[in-house]
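I have placed the structure first, in the form of structure tokens, so that the comments after it can refer back to it.
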Amino acid sequence: MPEQELLIGQEMNTLHAGSSTDGINVGNAGRTRDTQTGVEGETEIGSDEEDSIEDEGSSSGGNSTTERLVPHQLREQAARHIGKIGRHFNILDRLFKKRTQQSSDIQQGAMFDGVFSNLSAKPDTTETEGNNEQDIPPTYDEAAADMAPSYYGMDLNNSDIYYDEICIEGLPVGNIANLLWNIIVSTSFQFIGFLITYILHTSHAAKQGSRFGLGLTFIGYGYSMIPNDVTSKVGKNKSLNRMELEDPNEFDDVRLNSQSTTQDKFESHLNHGLDEEKQNIPWLAVFVAFLGLFITLKSIYDYIQVKKLEKKYLNQSQNQA
């Protein structure tokens, strides 16, 4: 029995020793594995750090080269211009933005009442609709039946340059002095005087005076076209007295009271055509003279009509007063 117990004790010791050796071996193996993984991790970390350092170096080198070639401000300006050009040519974004803005504006203003939302008393829309119906313009027949007033075309605004004068068709009537002065200027300078007085007229009297002067100019031109008869100085249907010389070679010594001479009474019956041409008056002269006469009469008639209108308006204003 004691021998068996000794054998069992030895076997147990051997088992414990084997297990301890196995544990030591396992621990050693784990330690070796940990050391191997640590070394591998360190090698990997080192390689990553080297790669990052290389990348940083390459990027820093690239940035330094780009900064040397292109300045930073120029790159920013170029980026801004490119962005502006892109926004300018981006048509789709513009269309969508406009649509969204329109829809948002409609939605925002649809539920509000404008400036009257903060007021307790708001205007009634029914009254405005009734007033609009009452302010309907008249029909064509009603407007045609309404005659123009008697003072139509008359301007009584005293703030204008024509103070206290009645304006007809935008011009004051004027007086006789303006009429005579423009007649004198238009007649004296003929066409140039007519242009100056007609363009610069400020009244009906000045206008009609310039036209009257033009008519007198035409009458003068028509009269100047009529030919003059030389024999009219002696008298109509009379011929000049001619004397007959005894010696034709002594014509230089002829005196009035030197000798008695005989009158030459020879008359030719041939038609030389001189008197017939002088007696005929050209039709152009007649036309120009009649044109001038018509212009003068028309100017006087127009001025008289304007004066009658002025008198009529003055009488109406006095009756109303």
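Yeah, the Cβs are placed from backbone N, Cα and C, and that goes for glycine too.
Because the structure is a prediction, the values reported are computed rather than measured.
Here Swiss-Prot flags 11-23 as compositional bias 'Polar residues'.
What Swiss-Prot lists as compositional bias 'Acidic residues' is 41-57.
According to Swiss-Prot, the feature ubiquitin cross-link maps to K312. Look at K312 (ubiquitin cross-link): DSSP puts it in a helix. The local packing around K312 (ubiquitin cross-link), expressed as other Cβ atoms within 10 Å of its Cβ over all shown chains, amounts to 14.
Swiss-Prot lists 1-71 with the feature region 'Disordered'.
Under the heading topological domain 'Extracellular', Swiss-Prot lists 1-178 (among others), citing sequence analysis as support.
Per Swiss-Prot, topological domain 'Cytoplasmic' is recorded for 200-211 (among others), and the stated evidence type is sequence analysis. For the topological domain 'Cytoplasmic' (200-211), DSSP puts the residue distribution at 8 helix, 0 strand, 4 coil.
Among the features that Swiss-Prot reports, topological domain 'Extracellular' is placed at 233-280 (among others).
According to Swiss-Prot, the topological domain 'Cytoplasmic' annotation covers 302-321 (among others).
Per Swiss-Prot, transmembrane segment is recorded for 179-199 (among others). For the transmembrane segment (179-199), the list of distant contacts is 205-214, 216-217, 303: same-chain residues at least six beyond its ends, Cβ to Cβ under 8 Å.
If you look up Swiss-Prot, you'll see 212-232 (among others) marked as transmembrane segment.
Beyond the transmembrane segment (281-301), the same-chain residues lying 6 or more positions past its ends with a Cβ under 8 Å from any Cβ of the stretch are 208-209, 211-212, 214-223, 225-227. What Swiss-Prot lists as transmembrane segment is 281-301 (among others).
Sequence-distant contacts of the topological domain 'Cytoplasmic' (200-211) (same chain, six or more residues past either end, CB-CB distance under 8 Å): 168, 171-176, 178-183, 185-186, 193-194, 295-296, 298-300, 302-303, 306.
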